[in-house]
Amino acid sequence: SRRSTAHIANNEYTIEVLVAVDKKMQEYHKDTLKSYVLTLMSIVSSIYADASIGNSIKIAVVHIFTLDLNGSKGVSASEMLQAFCRIKQASNFHHDTAFLLTREQICRHQMKCDTLGLAELGTMCKRSSCAIVQDNGLSAAFTIAHELGHVLSMPHDDDVRCAPYRGEGSAKQNIMSRMLDQNTHPWSWSNCSRHYVTEYL
């Protein structure tokens, strides 16, 4: 009998990202704002280019614009996300997902403002596909990559859904880890992330 090999289609995916920045971002970065945002997104692109993701994914910024979210100070993360989602739906720019970069504190609830980002799980190419990320310097790129992972249906690495994909020695924390610390490998993806993004695409 003749052995046959399965051919897997090597599809290349391009994710078109609409980026909004708030007034506080504009005031902080001034004339360097556009190049700063493009630098962040270039880092995100490098993270998605890592072979550990198992797919060819390119990131393209379609437009950067400033947004005045009046009264967003002290607003909960979910309220800020919902407000941004409503505003971005009126955008004329074609996009697969939208990100709001803010220098405001992102709060899960009153007195708990340690959240760096928030996104809806598995919403890529939907009207509700949006995320918010707090700008805290170049490390915000890893938060953007993480939240984009959620948009692409990836759960956290320690989620119960990841249990079947944890092999020997896979205790290390990757991009979809809940916490970014000295133990995290923020440039590579876990087997779980690879599984869920492949299934989603």
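Yeah, the Cβs are placed from backbone N, Cα and C, and that goes for glycine too.
No curator has checked TrEMBL annotations; they are predicted automatically.
Annotation source TrEMBL lists domain 'Peptidase M12B' at 13-201. The average pLDDT the prediction assigns to the domain 'Peptidase M12B' (13-201) is 88.
What TrEMBL records for His146, His150, His156 is Zn(2+) binding site. Take the CB of His156 (Zn(2+) binding site) and look out to 10 A: across all protein chains shown you find 19 other CB atoms.
Spatially close to Glu147 (active site) yet at least six residues away along the chain are Phe99, Gly117, Leu118, Ala119, Ala131, Ile132, Val133, judged by Cβ distances under 8 angstroms. As annotated by TrEMBL, active site applies to Glu147.
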Among His146, His150 [binding-site residues], residue with fewest other Cβ within 10 Å: His150
Beyond the site residues His146, His150, His156: chain residues whose C-beta lies within 8 Å of the centroid, for Zn(2+): Ala119, Glu147, Gly149, Met154, Pro155, Ile175, Met176, Arg178
